[in-house]
Each structure stands twice: as structure tokens, then as C-alpha cells.
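Feature annotations, reproduced from TrEMBL:
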type     : residues : note
DOMAIN   : 555-655  : domain 'STAS'
TRANSMEM : 75-92    : transmembrane segment
TRANSMEM : 131-146  : transmembrane segment
TRANSMEM : 152-171  : transmembrane segment
TRANSMEM : 183-204  : transmembrane segment
TRANSMEM : 210-229  : transmembrane segment
TRANSMEM : 268-287  : transmembrane segment
TRANSMEM : 293-314  : transmembrane segment
TRANSMEM : 347-367  : transmembrane segment
TRANSMEM : 412-436  : transmembrane segment
TRANSMEM : 442-465  : transmembrane segment
TRANSMEM : 477-506  : transmembrane segment
Amino acid sequence: MSVANADISPTMLESSTVRDIPALDIDKCSPADRAEWVTNPPEPPGIWRDLLNSLRDTMFPNPTKLFSPKRNTGIALLGTLLQAVFPILSWGRSYNLAMFKHDIFSGLTLASLCIPQSIGYANLAKLDPQYGLYTSIVPPLVYAVLGTSREIAIGPVAIVSLLLPSLIGKIQDPAADPLAYRNLIFTTTFFAGIFQAAFGFLRLGFLVDFLSHAAIVGFMGGAAIVIGLQQLKGLLGLTHFTNKTDIISVLEAVFGSFRHENTRWNPLNFIIGCSFLSFILITRLLGKKYKKLFGLAVIAPLLSVILSTLLVFLTRADQHGVKIVKRVPAGLNPISTRHLQFHSPQISQITTASLIVAVIALTEAIAVGRSFASMKGYTIDGNREMVALGCMNLAGSLTSCYTATGSFSRTAVNFTAGCQTAVSNIVMAVTVMISLEVLTKLLYFTPNAILASIILSALPGLIDFHQAYNIWKIDKLDFFACLGAFLGVLFLSVEFGLLLSIVISFAKIILISIKPGTEILGKLPGTDTFGDIHQYPMALNTPGVLILRVKSSLLCFANANFIKDRILRMISNEEDASGKRAIQFLVIDLSNLMNIDTSGIGSLEELQNGLGGSGVELAIANPKWEVIHKLRVANFVGKLKGKVFLSVGEAVDACVAAKLGAMI
């Protein structure tokens, strides 16, 4: 078998000194030859080569396709670059009338759900209703041009609508100065867009992964309950309500409304809200059970708005204590550039809030986009999605929008309605534009209670008890991160719950890193494979040879001494149990170890010295490229006196042979 047949990536060829190696006859290769392969590999790529490759991947993620001979003309290359920047130019070439019919239906269906939800979410964000509608126009249009997901529905969402007043409300009270609060929301949206686009351009998508799946499940569940409690203001018709989001403050405000005359609740609001909430939930259940009623379930929120508005208008219920939306300005998004507060004294707090909002919005959008893309058998580019989301929020901040992202509930409706491309977002945005131009006067008598009921109807999907139970069964530490996020959001604040979940997740990583486990390996009968003797009780031990594998990919300053002390303690325990020196050789399987630092090398040297004092010889097997290179540079390979092997099996055979040789 020739080495030329092996798969060698272009990066490997560029980043290392590949020597001319003659074809090898495997039958004639001795263990010494194979040990030579391990101890004398080519030079691994240096740090500058790694940085250069990373930069190249960032700028040109697919250079082979981009610079192929078929695209060697300037026009063809420009077309390819434009398609990379604007995905709509790629899929638009194959767009046809049949697809457009599906997208028209999906977009109109989406608009019927989006319009009432957008007004409700604006209310949740403590903004006037029109800002929710504005946010359903510009961001979806920008995303349709730049985004890679075909199904995702862009617009305001519950989590971000809760997060913004929770963060910005501490800087500016929305009740005291609504315009100043609105301006800070626009500024936060601007910086959130900057962060999102920067994450995409610099390929920093891994930052979003700091929010683990468990943390997101807990955060979403806690936020859903907090959002539901916030809707009690509209559902009960309360005039004054707390700006705090924790459950204790909200319940105090609710129960206080029963005692104080000036904040007393109105039963008519409660009756209207609960009646239409029941209607929406019942139609949703019927829509899931009977596919023919899917359309009714989708337009139920819009029907609720129409019917409740008509009811209030005909009965003049607003004169009997029913709180209504009142005036919604007609017209399209006004330019908001002059409202951005770049010179605000609280700019540092605003940018911090923007970073939190950006990460949460990205996490939700990418999770939604990937979920529905997998159902249709294609993938989305996370970094391009970040750029698209960032650009749409930048554009939104300049056109009176607050932070938008992908909505799971509306995306599910869009998917079920049969959308084919992002044109459904364009149809939805155009429908909202028409509504803003001609229908806003009809919203004057819309009761606030109906907006609360629409938001409440969207919350059950955010609480996932099944996932929480699965997390508990699979990983208890993950469940504590989930529980920390849930309780933190519920009893403290949204941002504290988020921070607590991240801290617990990082604590888990640090704990695993600084105190990694070790496995004692034995040979599986009838094979050449060595496995953990606890996982495989039938594994056979080799007398006089202890085989260990460290369950860590990095041997560094954080865990090196812990691992060294544990190994020496294991050797000592073996000797104490037998009353004599039971172990003559220690073989460490380094196949898990991806890298090592100077502290790790120092601990190996100390381990070898400690073993030497006990008469135990050290051998290593299957070290990775970076690891063996650093061990060789540090002259540790020479100290092992040839006890470096390609596999655990060869290391054990050599140790047994040496043991037998010493006995003769």
C-alpha cells in the first residue's frame, strides 16, 4: 500500500514540510519502524500558518468554487461574488410561478398572524403599537435579500420584546419619558446589529454556543412565565404596573390592584381577554387535529382582534373601563437616524445591553432556521445568517424598528402553509405596509386585553417540559444550568438568569477540565482493541503492566498536577494491595490528547521521575502530531529511551517482552 493513496488535505500540504516518502511494504515494517513514524513526523503548522489559514477561510470559505476555471472571466467572478453576498440572486434564478403561488399564500397567512402579534409584542416592549408593525416591514425585506433560510419568519418576538425593557428600563423609565426610552431602544437595536454582523464577518459563531441547549431551555421557560405574568396588566385592565420582571414584584402589583382604588382591575377586560384566549387555543387544538381547520387556527388571532374591536365599538365598552389601543399613526416607517443616542452618558450600559440582545436574538434565529432547514434537507450557513440578521437590524434601527429575529411560532405557520422561499417574508411585509397605510384607524377601539391574550396564546410553545426532563435524565450538571436559568429569570431578572446559566455552564467546563477522569484499559478478548475495564468487564489485564488513558483533550497548567498525582496514587495503591511491586510498566494512551503545554510536559517529567523511584518504567502510545512535536522539542522523547509506540498493543507487547527478558 502506497502512502500516496492516503487522503491529504490542501491545508496539510501547504502548512507542513511534506517529505518524499517511498512506498512502504507493510509486511516488512517492524515495531521499531512504526515507532520511528511516531517520533519523527513532519513539522506541524505554526501559529502564523494557522492564523493565515483562518483568515483565508473567513474571507474565502469556498475558494475552489470561487476561483474555478469556469469562472475565470471578470463578469462570471463578479456574479459568483454577488450570489455569495445576496443569496436571493442564487435561488431567484430557478424561481417560478408555482413557487410564487405557494409563497403568496404563506405570506398572507403569515401576515394574518403577524399583525396582531406585532402590536402585542410592541406593547410588551413598552413601545407604541406602530413600532411592532414597523419591525415587521424593513427587517423581513432585508433578510429576504441576504438570508439563507427559506422558511424563517422575521419580525418582533416575545423574548426580545421582554428583554429590551428589562435592560433599557433600568437606564430610562418608559413611563416617565417614552420618547427617550424609544430612542434608547433604537440605539440598542443599532449596536445589536453591529455585533451580529461582526460575529458573522469574523466567523465568531462559536460565541453563540456559550449559551448551551440546557441554558436556552431554562431561559425560554422562565421568560415565558414572566411574559405571561406581564400580560396580567392588559388582561386585568390595570393602569399602573411594575417595571420589574421578577415573579414576586409582578404578583405584588397584581394583588395590590385588588386593594387600591386607583389601580383597581376591571372585570370586563378580564372577560374579553379570557374569552378570546379560549377561542384562540380551541381553534389551535382543532387545527392540529383536523388539517382542514388549519387556516382557521392561523387567522384566529386576527379574527379575535376584528371581533373584539367591533364589540368594543358597538357597546362603547371603553366608556365602562375597557382599556383600548387608541390612535395608531398611519404611514410607513419614518427615518429614525436622528433619534440614535451615540453621545448618551449611558452608552456603555447600552452597548452591554446590545450585546446581550444580539446573542439572544442570534441564538433563537439560528436555532429556528436550522431546525426547519433540516426538515427540508438543506443546511444554512450560520455566519452568513449572522451577517443577514445584523444588517436587517442595522437597517431597522434607522427606520424606527426595534430588534427583530426569527420567530419559532410564525416560522412553524410559514412552513405548514407551504412556503418555498423567503418571498413569503416579502409578501408579509408588503401586506403589513398596506395595513399601515389604510387600516390603522380601525385599530382605535382594539382592547388591550385581546393583545394580552394573543401573546399568552403564543407562550405554551416556549415551555418545553419534555426537553427539561430529557436533560435531567442525560446530564445532571446540564439540568442545573437549565434550572439556574429558569429560577434566575423567574425570581431575579432576565439578565441575571441568563448570566447564572452561563456561569453554571462554564463551571461545568472548568470542573471537567481541571479534574479529568482516567481510565484503566484492558484488552478485549479476541481483538486487538483496548477498552475501559469498567465499561467492558470482560477486558483482560496484562500482569505487571498498567494501561491508562486520560479523559481530556488538553494536558495543561490547570489539570497537569491533578493527573500526575492521581496516577502516582494509583501506582502506590497497587503496590499496597499486593504487598509487593505489582506494576513494572505504565503505558499511557495519549490518543485523546490533542495538545499539551509546558506545564503538562513538566508534569510528565515529574511523573517519570516519580515512577523511576518506584522501579516503574513509563511508555506512551499513539501521541498526536502537536503533542509528539512538543515532547520532542522539550527532549522528553529522548528521556523515554525509545518507549514511544504507534499503538497501545505494540506498547504492551514491548513491555511484556522486556519483562520476560529481565526474568531470563
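A Cβ is built for glycine as well, from the same backbone N, Cα and C atoms used for every other residue.
In summary, the transmembrane segment (442-465) does not lie against the transmembrane segment (347-367): fewer than three C-beta pairs, each 6 or more positions apart in sequence, are under 8 Å. Helix first, then strand, then coil: DSSP counts for the domain 'STAS' (555-655) stand at 56 helix, 15 strand, 30 coil. Only pairs six or more apart in sequence are counted, and the transmembrane segment (210-229) with the transmembrane segment (477-506) gives three or more Cβ pairs under 8 Å, enough to call it a contact. Contacts between the transmembrane segment (293-314) and the transmembrane segment (268-287): present, as 3 or more C-beta pairs lie under 8 angstroms, all at sequence separation of six or more.
Contact between the transmembrane segment (152-171) and the transmembrane segment (268-287) is not supported: fewer than 3 Cβ pairs lie under 8 Å, counting only residues 6 or more apart in sequence. Same-chain neighbours of the transmembrane segment (477-506): 162-163, 166-167, 210-219, 221-223, 225-226, 244-248, 356, 360, 468, 471, counting only residues six or more beyond its ends whose CB sits under 8 Å from a CB of the stretch. Counting same-chain residues at least six beyond the ends of the transmembrane segment (347-367), those with a Cβ under 8 angstroms from any Cβ of the stretch are 152, 157, 159-160, 163-164, 167-168, 170-171, 184, 187-196, 199, 205, 207-208, 210-211, 216, 341, 380, 382, 385-386, 389-390, 393, 403-406, 408, 495, 498. The average pLDDT computed over the domain 'STAS' (555-655) stands at 87.
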